[in-house]
Each structure stands twice: as structure tokens, then as C-alpha cells.
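Input: a single structure, listed below in C-alpha cells.
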Amino acid sequence: WIMGHMVNAIGQIDEFVNLGANSIETDVSFDDSANPQYTYHGVPCDCGRSCLKWENYNDFLKGLRSATTPGNSKYQSKLVLVVFDLKTGSLYDNQANEAGKKLAKNLLQHYWNNGNNGGRAYIVLSIPDLNHYPLIKGFTDTLTQEGHPELLDKVGYDFSGNDAIGDVANAYKKAGVTGHVWQSDGITNCLLRGLTRVREAVANRDSGKGYINKVYYWTVDKRASTRDALDAGVDGVMTNYPDVITDVMNEAAYKNKFRLATYEDNPWETFKK
């Protein structure tokens, strides 16, 4: 999965997919009442990027729905996975459950079209703080109460705080999550980060008894760091330059080992070599 980083304006969806992304990451900011409000990152952000592009969250969801609904004039068949980077740092811990409820209602109405031929992309809810694990239960309970538990088949989870792997496993246990887990690791492209924890996550994924199904690394913008990530065995790389990742995947060393994921590839299944 080539994951276009910080796709917060509707116009950027086409831009990143046309550069080779089959997945996008979108920032979600919340208001004081835990309502998802804007797709907005703000300053500071990755080097070489504008940090200030934004939409109202519900408007973005409608644009995303158009891009991921077969038959729509804006449909992009390659776009199969969306990571919502939930900026819950602005919330009190006791608002996490409420944020999950409100997120579920927004997605149900504006993305899934109340279960009636909505967008088809798989969704990852990426949470920066382990203490905010109740967001997951708020989300899953609400979709079930609203009569659409089947949509949870399209939803996965990530804790993005680079916490110790054991602590992340514990948070999932508390949240009642037993699958659909992506594990992120990384840092802004302005800084360097080694692959120690990525390798640990990959080992957990491949052990057959860990909690991780997929591993992604961010933010990967250079050919050398792309090769390092692929060599470490990641399932996804998040990037500001999808075309760079595509170029590396076409190199002799990688083109028979890796291919771009399609809609038929289940993002919750651990890949067995």
C-alpha cells in the first residue's frame, strides 16, 4: 500500500492517486464537543508541504465517497484504503468514547451513505494516544446500534504513538479488538528514525501469535529509505511522493517481490510468504 500523506483537500485525492497512491492518509481535527470538524493538519507539518489545506470533515467524506464509489464520475478504482489520522490530542481522555460515536455517525451518513451504495474503501482509524482506546468502542457500538454492524468489516485500527509494542497490545485488549490491526511506526520527514521498532512490529506480525496484521512506516520520501522499509518487510509506506515509491517498486530487486495492493487484497489479513 502506497499511502499518500496529509491528503486534506478534496482536490488532493486525485493528485495523490494519479501519482501512484492506492491509499491516502487524512487528518481529522475535533471541536470542543468531540465532533469531527475539519480535515486539517496545521503547523508544523512535513518539510516541503503546505500544512494549511483543509475541508469541513463532512464535505471531505462526500468527496471521498465520490472517489471510491464505482460508477461515480469521480471514481478512482485504485484508491482502496483510507487512514484517518485522528487528532484526539485536543480532547480530554473522557471524550474519546464520544468522539468515536460521532465519527461513526458522520462516516455512516456521509461516507457509507447509510449503507446504501456508499464508498467502498477500507478505513483505518488511527489513534495517537493509547488512553483514547474507548474511541474504538464508541465507534463500533454506534455502527451496531445504527443497524450497520456489517460495515465494521471495512474498518481497522492503528495506534500511532510509537509506543512499546506490549503497551499497544494491552490497549487493544482493553478495547476488545482482536483483528484488523495496522501498526504504524515513524516520524516526520524532517527527522530521521531507524527501523528498530518496525522490525519488532514485523516480527510480531509474522509470529502467528501477535496482534498485528499489517505494518506501515512513515514518512518515506527518499529512494534509500523506501528500499530500507521494503527490505524490513513492511506492508505499507506513507509518503509525500507516491511516484518515488512506485519507481523503487519497479526496480529489479523489488518488482518480483512486491506489487501494489488492489481492492481484492484484504488489508486485515496477514500476508503469508
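Cβ from N, Cα, C; glycine included.
These features come from Swiss-Prot:
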type	residues	note
ACT_SITE	His5	active site
BINDING	Glu25, Asp27, Asp85	Mg(2+) binding site
ACT_SITE	His41	active site, nucleophile
DISULFID	Cys45-Cys51	disulfide bond
DISULFID	Cys47-Cys190	disulfide bond
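All features noted in Swiss-Prot, drawn onto the structure.
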residue	record	Cβ neighbours (10 Å)
His5	active site	29
Glu25	Mg(2+) binding site	27
Asp27	Mg(2+) binding site	24
His41	active site, nucleophile	23
Cys45	disulfide bond	21
Cys47	disulfide bond	12
Cys51	disulfide bond	15
Asp85	Mg(2+) binding site	25
Cys190	disulfide bond	11
Message: Taking only C-alpha atoms and a 10 A limit, tell me which of His5, His41, Cys45, Cys190 are near Asp27 (Mg(2+) binding site). These are the recorded positions.
response: His5, His41
Message: Need this for a regression test: recorded positions His5, Glu25, Cys51, Cys190, filtered to those with Cα within 10 Å of the residue listed as 'active site, nucleophile'. What's left?
response: Cys51
Query: From the Cα of Cys45 (disulfide bond) across to the Cα of Glu25 (Mg(2+) binding site), what is the distance in angstrom?
result: 14
- request: Report the residues of the chain - excluding Glu25, Asp27, Asp85 - with C-beta within 8 Å of the mean position of the site's C-beta atoms, for the recorded Mg(2+) site, in sequence order.
  value: His5, Met6, Val7, Asn8, Thr26, Val28, His41, Val83, Phe84, Lys87, Ser126
Query: Out of the recorded positions listed (His5, Cys45, Cys51, Asp85), which are within 10 Å of Cys190 (disulfide bond), Cα to Cα?
result: Cys45
- request: Compute the C-alpha separation of Asp85 (Mg(2+) binding site) from Cys45 (disulfide bond), stating it in Å without decimals.
  value: 13
Statement: One should report the C-alpha separation between Cys51 (disulfide bond) and the residue listed as 'active site', rounded to whole angstrom, as 11
